[in-house]
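Lifted from TrEMBL, the feature list:
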| type | residues | note |
| --- | --- | --- |
| DOMAIN | 36-411 | domain 'Cation/H+ exchanger transmembrane' |
| TRANSMEM | 27-45 | transmembrane segment |
| TRANSMEM | 52-71 | transmembrane segment |
| TRANSMEM | 91-108 | transmembrane segment |
| TRANSMEM | 120-142 | transmembrane segment |
| TRANSMEM | 148-168 | transmembrane segment |
| TRANSMEM | 180-207 | transmembrane segment |
| TRANSMEM | 213-239 | transmembrane segment |
| TRANSMEM | 260-284 | transmembrane segment |
| TRANSMEM | 327-351 | transmembrane segment |
| TRANSMEM | 363-382 | transmembrane segment |
| TRANSMEM | 394-414 | transmembrane segment |
Amino acid sequence: MENNVEAAIELEQLQHWFHINELQTRAIYLIAFFLVLAMLAIIFSKKYSLPIVVGYVLFGIVISPDILNLIPFLESEFHSWYEFLIIKLDYITQIALAFIVFTIGSELSLRTFKRLGKSIYIITIFEALGGAIISALAVYIIGAPIYMALLLGAIAAASAPASTIMVLKEYNAEGPLSSTLMAVVGLDNTLSLILFALISPVAMMFIGAGEALSIQLLLVPMVEISAAIIIGLLIGYLTQHYISMVDDKTKKVVAILTSVVLSSALSLVFGLSSLIANLALGFAIRNFAEKNLDISEYLDTLTIPLYAMFFIFAGAEIRFSQMGSSVFLITAFVFLVSRIIGKYGGAMLAGQFFDVSPVVKKYIGLGLFPQGGVAIALAFSVQKQFTVVSDVSLMIFNMVILTAALTEIFGPLFTKAAVIKSGEAEKR
């Protein structure tokens, strides 16, 4: 009874605070401001021949709360509602992530996999596990707790498919490198999600807040992963069946939107990974259909604003005030460098020992540096799941945000260089 009364009082206070500060109206102002920033970021990126995603992240960093705090004429009231809205509007990033992961799944074509051969699986395993193992070992060697090293290792396996996709689309890149890169960044994010689901209970055990290591401890995450995949595949099968039957573009767009939101909602209801569910959803729509539905033409108009908002929010989430300690900076640097070495080295190793085309062998590693959406989502999960070590979970979150922002800035430049040097970029 007391808990209900306290909750009611807190809700009333929150509603009053919202009313006093006019947050609903200001949220609209902020979203409009971010969309204007996105347009300016596109103009800036085009002018200086940068991948557009780089512009989004840079403009997001410029408007991060810590940077705005340096402006003397802004009142404290502005800072309070701005920081509050930045946190509360993270549902936009969740929606964007759902579509980003759905897009990855829709690019995972079984026909493409068969055409490219087993090399994509080999490259994915080597580069993803290379990044995970090398970064986990490096962070552990410099003194990080083993649970922190394990969590960072699982996160390190992920790439940034959204930025990779945007670079490939921006330069209309086509060819074996582009096809392989698209498949690999999708597969390694799948592997990263599975690794994280398996490693999380083990990390909790090392903290001392979880049960002892057992078969059951590892089986539960596998069951949850399987359930998320089943939800995605089932909704995807029904959606592609409906899309195949209708000709109206509006109905197709609404069907895709509904399927992504429904998949996310059901996953949340049952406590499953919405990222894995939407990955399976995109995969099902792409591969269960008897004909090519070409859903990318329906998605582009919808996802471009979401992608822009997502990357601007990612840049704005950086908290420089929490990154000043030498321990943080050294650990972040070691994590960043070891991940790049592990991914690039793993991809090169796969090319040396297995049958991989020369152009893929030479340039594939350069396209694997960016880290973004999936890594940030997993860092959010660490903050929510590992509250017993809140200082370490906050450190992991800030570290991933910082390294993701850095790799989103310089990573697409290497991806751009790879597709240009390979001759797969459209000549301008």
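Using the three backbone atoms N, Cα and C, a Cβ is placed for every residue, glycine included.
When each of 27-45, 120-142, 180-207, 363-382 is scored by its Cβ pairs under 8 Å to the transmembrane segment (327-351), the top-ranked stretch turns out to be 120-142.
Taking every recorded stretch in 27-45, 120-142, 180-207, 260-284 and counting its Cβ pairs under 8 Å to the transmembrane segment (148-168), the highest total belongs to 180-207. The listed stretches are 27-45, 120-142, 394-414; of these, 27-45 has the most Cβ pairs under 8 Å to the transmembrane segment (52-71). Between the transmembrane segment (91-108) and the transmembrane segment (180-207) there are at least 3 Cβ pairs closer than 8 Å, counting only pairs 6 or more residues apart in sequence, which means the two stretches are in contact. Here the transmembrane segment (27-45) has Cβ contacts under 8 Å with residues 51-52, 54-56, 58-60, 63, 82, 85, 88-89, 92, 305, 308-309, 312-313 of the same chain, all six or more residues outside its ends.
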